[in-house]
Amino acid sequence: MEAAGTERPAGWPGAPLARTGLLLLSTWVLAGAEITWGATGGPGRLVSPASRPPVLPPLLPRAAENRWPEELASARRAAAPRRRSRLEPLSQASRGEIRTEAAGMSPEGARWVPGIPSPSQAGSARRTRRAQPPSPLERGDSWATALADGAKGSRPHTKGSREEVRATRTGGASTEELRLPSTSFALTGDSAHNQAMVHWSGHNSSVILILTKLYDFNLGSVTESSLWRSVDYGATYEKLNDKVGLKTVLSYLYVNPTNKRKIMLLSDPEMESSVLISSDEGATYQKYRLTFYIQSLLFHPKQEDWVLAYSLDQKLYSSMDFGRRWQLMHERITPNRFYWSVSGLDKEADLVHMEVRTADGYAHYLTCRIQECAETTRSGPFARSIDISSLVVQDEYIFIQVTIGGRASYYVSYRREAFAQIKLPKYSLPKDMHIISTDENQVFAAVQEWNQNDTYNLYISDTRGIYFTLAMENIKSSRGLMGNIIIELYEVAGIKGIFLANKKVDDQVKTYITYNKGRDWRLLQAPDVDLRGSPVHCLLPFCSLHLHLQLSENPYSSGRISSKDTAPGLVVATGNIGSELSYTDIGVFISSDGGNTWRQIFDEEYNVWFLDWGGALVAMKHTPLPVRHLWVSFDEGHSWDKYGFTLLPLFVDGALVEAGVETHIMTVFGHFSLRSEWQLVKVDYKSIFSRRCTKEDFETWHLLNQGEPCVMGERKIFKKRKPGAQCALGREYSGSVVSEPCVCADWDFECDYGYERHGESQCVPAFWYNPASPSKDCSLGQSYLNSTGYRRIVSNNCTDGLRDKYSAKTQLCPGKAPRGLHVVTTDGRLVAEQGHNATFIILMEEGDLQRTNIQLDFGDGVAVSYANFSPIEDGIRHVYKSAGIFQVTAYAENNLGSDTAFLFLHVVCPVEHVHLRVPFVAIRNKDVNISAVVWPSQLGTLTYFWWFGNSTKPLITLDSSISFTFLAEGTNTITVQVAAGNALIQDTKEIAVHEYFQSQLLSFSPNLDYHNPDIPEWRQDIGNVIKRALIKVTSVPEDQILVAVFPGLPTSAELFILPPKNLTERRKGHEGDLEQIVETLFNALNQNLVQFELKPGVQVIVYVTQLTLAPLVDSSAGHSSSAMLMLLSVVFVGLAVFLIYKFKRKIPWINIYAQVQHDKEQEMIGSVSQSENAPKITLSDFTEPEELLDKELDTRVIGSIATIASSESTKEIPNCTSV
């Protein structure tokens, strides 16, 4: 599980969770150089979720000359970065790939208005676009962005000199060029350096720090470095190498997030291990030697002197004096899985959450205080072991993953409460999960399910993060530069509830928008006219606007989509018009009303930045060619003015706009030529704002959703600057919004957990969900909230209306007898070492946790009892003094009933899977052949342990099959355990024993196969659904029907018609009744009356497989002694075996023999064997078990599930590498 959207997630396997404000280091290859921007922390802790653009701490300072006169005496307001969401596996998604386009230079002094051919257009011809390939990241815990060298032949700017361009108009009578005032500075002597890290703190400061370095990719280390400092907003720089030590080679620059005057520099570990500390914004430094090598730093979010350091040898150190002294906290810390406490949630400010690995390879979640982290003072909030790299601490939530028996379970703690298991829809069966966001007391998660390969489903949770419901299926995903997952989902900033998503529909990718957090989605309406003013003929749903939603991996470009909290409703994105998303014929589009309507502003790819609270837009062409112009718009992209910002064309490698929304400064990085020094161009926009804004310069804007004024349960009216008003806002300006609640309507509610939407608004229970079953925490005498199938969307502010109708109703807890009792070990193994702790977990599907007594007998003469489940939630530990085989028995009892569960524990060369083959129904007093198929086949000797019913002593064989006779009618349990070396696995099945029965094979409409995950629970639930459908149509008694769904594809089943439970002496009459029931069922099936709805829009029809109905099978002497019947049986068996061997690939139900399924966990019902499909046919008549797993199968095995070769979906076991 991961938090997506960062390069170093601090969450689930494969992608650590990002944290606020840290150093960025990203590579954007143009000519081999790179630049890195330092924000508020260390290189491994960036935050830039895939669901929204990165909102980062201030980049550029505001110069005093940029202030209006009346503002000079006012205090400087710090720009606070907004809270970020993380997309994590929980996995972590990151920004998208970078592309550039080549295009010719536009005529100077041009002003372009959409509707007239733009300067870059030549009639209808389009220039060839050349993709700019993204480069690899320098390190996995930071971003790197290249500063490219320019083309050869250009005159390099004089080293160390300063170029100044003032705001002027130049040119002859026919042309006139607008100029912006700018200054350029060359970093002298660093032309060989290929990396740079830039920090601009803002906060009433004019200081800029730049660390340039030469990174040798062959050696994997930094060989040269230079530190530059500016005190005049980047107009000039001073080289500080003599102040840090001429021989000191620096590798990283860190800035304290709570006090940006405090700077920390790390030396390259290949040279020395030291840290340089400054408390005056880099003017002076103190150097401290270290006894360990730092890999990453994590600053405390509140205390400016508290720092955590992670070393190269996986040890965690702490400092409480900003790196002057260090103390070892713990060893064997999982990389990136350590977190500071969260204010308001953790009791101690110096508490640290960490994931610690033990010597035996397990991981545990521990917490301790930085100065008190001895073994006696540590605590374990989750007592059991967890999966490695699965701890995520994010806002109010803590996530972990635990894998037992090959299937991962996810747990969440909300506001530091006890951990609860995350509830996804029963058959989502995730093989990968990413946490997208934890904003607004709700979790957004992207889940890749068992039948998905390049798409994810979006799920949203309740406030506690436990119950998840489906918001959108098949969202497109891709891989980033470091192999990280990119989920194409984007949250529009400034207005809550609006998301954009790229969904894969029939191999086409289309862009959808929602205004209510995923309850309803619709396609984007294309613009009415194009850039030339010609009508656009694009009709929904066949044609629409599609957008690229990946955020840029280059922090110095605006990215392909951008929106700001400070400019609500304004969205700029790259995309195309058509039937699907295109990567070639693209342009830039803008929406001024939160995505309702769109206009095209460029027909090529541009970077667009927001200035002065969104009142002005700045655009620069995204191209590898040198440029000296940029475009400015004051009317939300309706018209554009072109300005020159440098005298010589510059190969632009990136640009920084100060994070403060009222800024008028931009810094452009680049080179004038291939071998020139690095150029830093400071561009001042102050001159283009003619005056200060007045009341007459503002207008109101109503947020609508296709004309509906109520969005997320309220009407919102924003005040914004009128398009075209060329005025500047003051620093005291704060965007105003008026809102009032709406009456609750259908669209303010989503389906609750366990319910699915049918039609526009009706929520009905899913086939696997029982809405009448209360929580296990519901104790007799208490009350609980019984869902109506609906829940109000989190953060929706509607009132009255349908709120009472859809709200959950309070009901008394009915009290339930224990059911579904299970006893398992914490690691899922059935082997324990003598003298070591064996920890048991008792699980119960239904019952009253508070009023149920529990007894656990360890099988060695020791037993324990508990009055309720509370003391045993973290497991029951026991140490076995001697080796052997022990039957562990769990017994649960309350005043309504009891339940028992068994586990056979061995203290004993690994086998991976055993499949127990037994008939579903057997005849009393007749031998039943039972066999076990082991995968992979073992060359050595295997020992088989067989338990029948409640027997405490197993039958032990060296053969994989056994014959057994059941003496009494009823349901019997059969368990087999296979021991190979020190490994032990088991399978359990149930068999129904009767005097006689009849059976019939069933098949289904083909659409069921696509939705068949081929796991035991699904087969059991589908069997129950078929049984209910048969009873509904025929009114046959429930206890006389048994439906068993077979493993494998195509999906098939067997219908058993059983005698009544209370069999009397009138046997012949009952046999006649059985024949009548068979005829009734057969007629209903042949008339296609038996069908069920699997999910909305998926109707499944049940058919009779066209084979002869099996005759009555019983245990009477008359039947077994009939010579004629025996002769007919022999003939029929021979014919059947021949036909099966000859045509088994063509008979649908033969798959139940040919496909030995390696199920994801133990079967819940018995699987097919010799007697359920044709009378008197035994397993020996079919292929040997070894052949079942070998050449005769026309199947492929992916993960551990066999599927038909023609199947289009790939089935995999959910992997345990990312939660």
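In case you wondered, yes, glycine gets a Cβ from its N, Cα and C as well.
Quick look at what Swiss-Prot annotates:
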CARBOHYD  ASN204  N-linked glycosylation site
CARBOHYD  ASN453  N-linked glycosylation site
CARBOHYD  ASN786  N-linked glycosylation site
CARBOHYD  ASN797  N-linked glycosylation site
CARBOHYD  ASN837  N-linked glycosylation site
CARBOHYD  ASN929  N-linked glycosylation site
CARBOHYD  ASN950  N-linked glycosylation site
REGION    71-181  region 'Disordered'
REPEAT    228-239  repeat 'BNR 1'
REPEAT    512-523  repeat 'BNR 4'
TOPO_DOM  1144-1219  topological domain 'Cytoplasmic'
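Feature annotations (Swiss-Prot) mapped to structure.
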residue : record                      : Cβ within 10 Å
ASN204  : N-linked glycosylation site : 12
ASN453  : N-linked glycosylation site : 10
ASN786  : N-linked glycosylation site : 14
ASN797  : N-linked glycosylation site : 17
ASN837  : N-linked glycosylation site : 12
ASN929  : N-linked glycosylation site : 18
ASN950  : N-linked glycosylation site : 10
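Across the structure, ASN786 (N-linked glycosylation site) and ASN797 (N-linked glycosylation site) are spaced 22 Å apart at their Cα atoms. When the repeat 'BNR 4' (512-523) is classified with DSSP, helix, strand and coil residues number 0 helix, 5 strand, 7 coil. Proximity to ASN837 (N-linked glycosylation site), judged by a C-alpha distance within 10 Å, picks out none of the glycosylation sites ASN204, ASN453, ASN797, ASN950.
Taking Cα separation as the measure, ASN204 (N-linked glycosylation site) is nearest to ASN797 of the glycosylation sites ASN453, ASN797, ASN929, ASN950.
Across the repeat 'BNR 1' (228-239), DSSP assigns 0 helix, 5 strand, 7 coil.
Taking the Cα atom of each, ASN797 (N-linked glycosylation site) and ASN950 (N-linked glycosylation site) are about 57 angstrom apart. In the predicted structure, the repeat 'BNR 1' (228-239) carries a mean pLDDT of 87.
Taking CA atoms as the reference points, ASN950 (N-linked glycosylation site) and ASN453 (N-linked glycosylation site) are 44 Å apart. Rounded to the nearest whole angstrom, the C-alpha distance between ASN929 (N-linked glycosylation site) and ASN453 (N-linked glycosylation site) is 41. DSSP assigns ASN837 (N-linked glycosylation site) to a strand segment in the three-state reduction.
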